[in-house]
Amino acid sequence: MDFELGDRIRIEKDGNTYEGIVMPSNTDHIVVKMVSGYNAGVDPEGASITLLEKAGPKNAPKAKPDKAKGQKKLPKVTILSTGGTIASKVDYRTGAVTAQFSADDIVDAIPELTEIADINGRVLYNILSENMKAEYWTELAGAVAQEIENGADGIIIAHGTDTMMYSAAALSFMLKTPVPVVFVGSQRSADRPSSDNAMNAICATKVAVSDIAEVCVVMHDTTSDDRCAIHFGTKVRKMHTSRRDAFQSINSDPIGYIDHSTHKIETVLPFSKRDSQKLELKNTLEPKCSLVKFVPGANPDVLSYYIDSGYKGLVIEGTGLGHVSTDWIPNIKRATENGIPVIMTSQCISGRVCDRVYDTGRDILKAGAIEGEDMLPEVALVKLMWALGQSNDVDEIKEIMRSNIGHEMTDSTLK
């Protein structure tokens, strides 16, 4: 056949037409990634195949230094590109979505951004967000602080959605910011007609020039292209694998909303206003912490592994109000007696941990565990990593974990 992996072809068979990029496939079928983003496998026997465009690895876009620029009289906004779907297209070699594009490419694709702000771009990473690590959070927070010190009026962080809530939580603890720091992503790549990248990026840029001096996440609020929600970085969670409105505030309202057509921002909750606090960076983390999910019948030796392996902190995602089976309690006590903080959270996600209602919970507290209040388990993990990076004193770490640092705890839960 006169086509290769990565070429764009048209297949006509049995009255149907399939057009897309050739993906790796077995010998029996040709697999193409269509413009919709979905894959189609077609038996080539009896099919008419037309080569539309040659495209090989040599033509695949490469990450490059960023020189994105807007208009000089507008507020200065820096886009820090870390990769993810908002900065991705279909890879010409495999047909899969890869993170190869920079802030320059985002601005080229969405020129409306330059009407809102003087855009500068900087590539930090070009990775899919499942490859994020604690060391990257440390570098990212440092890069944000550097851009603010250099005069940026707002920061946008282009990030993959899968682990965005972890990164947003990390920066919420590591930074006090006088300007907006806005995480934004996309559930669907720019190649797809249903992509949410343009609207999300435009709304994020408007928030970046607003008075909301918080680390926040801006994503679709509904499945329609009507408005985006502005979430605190510590109260947001990805609640669906693929829907455009996957991000929701948990145990809290969003900070507010931004209308896509009017760009008007409506705030719901109090927030730190622009220039109300000085820039402060505390980006030391202790990566040797873990989030442990309890399930019925789970062997308590799971905790022994972490204790014996030298882990510095543990977050347990318990049932209901924050429970584990009674045979886990001795190992919780062993951990705390060895100076390892243990934080109890709930796999219910919504609601508040309270280990004073039932006997099991009371025994967990007697073993030295700390109630995680209404913190999301993932946020509690990141906060514990940060707390351990700030102090070696167990009592001080406990006090940090019980304190509301970056909106991660609410006085009362809504639902």
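Note that Cβ sites are derived from N, Cα and C of the backbone, with glycine treated the same way.
Copied over from Swiss-Prot, here are the features:
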type	residues	note
ACT_SITE	Thr85	active site
ACT_SITE	Thr161	active site
ACT_SITE	Asp162	active site
ACT_SITE	Lys238	active site
DOMAIN	75-404	domain 'Asparaginase/glutaminase'
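For Lys238 (active site), the same-chain residues 6+ apart in sequence whose C-beta sits under 8 angstroms from its C-beta are Thr161, Asp162, Met164, Met165, Ala246, Phe247. Counting every protein chain shown, 17 other Cβ atoms lie within 10 Å of the Cβ of Asp162 (active site). On the 0 to 100 pLDDT scale, the model's mean across the domain 'Asparaginase/glutaminase' (75-404) is 92.
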